[in-house]
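Database features (TrEMBL):
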DOMAIN    A:24-438  domain 'DUF112'
TRANSMEM  A:52-74  transmembrane segment
TRANSMEM  A:111-133  transmembrane segment
TRANSMEM  A:139-159  transmembrane segment
TRANSMEM  A:171-189  transmembrane segment
TRANSMEM  A:201-221  transmembrane segment
TRANSMEM  A:318-342  transmembrane segment
TRANSMEM  A:354-381  transmembrane segment
TRANSMEM  A:393-426  transmembrane segment
TRANSMEM  A:469-492  transmembrane segment
Amino acid sequence: MTDALSMLAGGFGHVFSGGAAFHALWATLIGIVIGALPGLTATMGVALLTTLTFGLGSDVAMLVLVCVYVGAIYGGSRSAILLNIPGTPASAASTLDGFPLARQGLAGRAMGISTAGSWLGTLFGALMLALFAPSFGEFALQFGSYEMAWVALFGIVIAGSLSGGDPLKGYIAGFLGLFVATIGQEANHAYARFAYGNADLAGGLGLLPVLVGVFGVAEVLSAMRGPAVRAVSSKIDSVIPRIRDVTTYWRTILRSGALGTFIGAMPGLGEDIAAWTSYAAAKRASAEREKFGKGSIEGLMAAETGESACVPGAIIPVLTLAVPGSAPAAVLMAAMMIHGLNPGPMLAITAPEFIYQIVAMLIVADVVKLFYGLVLVRPLLWILLIPRERLMPVVFVLCTVGAFAITSRLFDIWVMLGAGLVGFVLRELRFPMAPLVLGIVLGDLLDKNLLRGLVLSGGDITPFFTRPISMVLCALTLAAALWSVPGVGALLRRRQAPMPK
Amino acid sequence: MSEAEAASPFAGERAPASPRADLVTAAVLFALGVAIVQQSLAMPRFVEQSGTGLTAPGIVPGFYGVMIAALSLLLGLRAIRRGGWSAGGAARRGAGEGRRLLLAAALGVLYAGVLVGRVPFWLASALFVFAFTAAFEWNRGPERRARRILEAALIGLGTGLAVTLVFEKLFLLRLP
């Protein structure tokens, strides 16, 4: 315990040694703006900033990315409350009660609830991260190639089953992502797969140009295709969170914080599922169930706390297993790899202090978020009024800079364009994007561990099923797959209250 | 904004696609899966180097190819059961949406695929932002059009210069 506290203090010291306050201020602001603007998501924000901060040191880059992630998830609630349009998919549940509150002339109070819930959610999640990540990391050291292959497969299957929409399309998206990750030279014989003599393809498709394409270019196209978003002018009352709103619903806050963190820690589920689950759980447990959907303070508090607690939760498996808990966390993990930080089970041995530095970064970002939540009301309204015709081309320029930044290859800009067009078409055909991202990110992990496992066992596949941890992971993967089979899932879900519509 | 006008949280990725669209997608993905398997089988096995052939580069992509083909077969069968053969095409969107999409995609490809790397980055970006903004704001009517075009030019120039300065000088990145 003393060790943990001194390491946490060290983490804060480390974060504040490099002009953290300045970087946290601008990065959280950018995150909030990206989150608030419909069409720009947290994943896109983290992907873009990963490439744009490539020239900075790894400490500053990590702080910036954590701040953007935390800020973007919170920022999405502003447009959810004021426009009834979730700024990021994570804020969809916040529209249900946030917008009705705004229509009742309580937009300020709704934003205050969102600020308080989001602040407490991230704080709760960060404390869980500090508490559980180191010990879970040590447990994960027992994972060998067989187990890591299952962990990667489990991530794809659970993201496909539960990331929203159609599980079958989720699985296909996941395997497409895994396939994209196989393009280029493989590790054993340096054979260039699917390269056809092209030197650029032999180098593989860069992870970040693909992600900037799928989340940046595709979103620009989606935003320009749809009808223009019309902003409402809403009278805004005081945005200062009321202590009574927090003390009355402390059970909801704790429950949503725990659920959000847990869902975040499940590979590939992400903030939107965390928000919906927290909302549904709060509705089930509430004495004021009839108010949900009509401007319930408890409902908004649950959704906001859940989605914000998910952010640190999603970083837990990144640091302990090198498996991301959400799409933005996948990009954050890629950024860690690019900066040579090697997330995964070995982190508990090689750099245990890094876990506490991330906790310190999350808490700093959370405090800055609280500050902006209290002061940044009018300016954010003006930003929401920027016409997309003027905003989207600037976003596209930033995507181009981002795609080029890491390896300085024009080929990466083409990759971004191709990934953007394919991502747009897949999205139009209702393929969820979270499993695709997870597939691309986990491709290397699965590829290496599957082959290494086969080599170690001399071609025998039984260790994949008979080793104790493998057996559990295999059972979980099968259960996740069975959950999505029509009939089986319905049987299990019948006992649960339906999700809000 | 009334609730009827507001976007549903279940729209977008959560709304189902038409059975016909699913059927066509399944056919394309099945072909892709089979092609991946065929290409994976054609890859060298490196049996002499590894002794067992278990490190053959084609094993993993081959597995993915099989899974993509099998899952798209399921998608296709489900689409047929949902009436994919008989149902009409996918719900048609307005012509305006298609035109806007095509314009955005064409300008994007022209900028990132053609201009970038051939003309100075600040100029390419300024031209792109100007063209994009001016083109999409053209249909707002003739009144104040000249002013909007001037504003678009200023935003373009500002973006080109600001992006170049901020990323080259402050973030120390190389620009195309």
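Placed from the backbone N, Cα and C atoms, the Cβ positions cover glycine too.
Here the domain 'DUF112' (A:24-438) has a mean pLDDT of 89 out of 100. Beyond its flanks by at least six residues, the transmembrane segment (A:393-426) meets 40, 47-48, 50-52, 54-55, 173, 176, 200, 205-206, 208-222, 338, 433, 436 of its own chain at Cβ-Cβ distances under 8 Å.
A Cβ distance under 8 Å defines the sequence-distant neighbours of the transmembrane segment (A:318-342), meaning residues of its chain 6+ beyond its ends; these are 41-43, 45-47, 50, 54, 58, 61-62, 65-66, 69, 72-73, 129, 133, 136-137, 140, 143, 148, 151-152, 155, 207-208, 211, 215, 264-271, 310-311, 348, 350-351, 354-355, 358, 406, 433-434, 437-438, 440-442, 445.
Between the transmembrane segment (A:354-381) and the stretches A:52-74, A:111-133, A:139-159, A:171-189, it is A:111-133 that has the most C-beta pairs under 8 angstroms. With Cβ pairs under 8 Å as the measure, the transmembrane segment (A:139-159) is packed most heavily against A:171-189, out of A:52-74, A:111-133, A:171-189.
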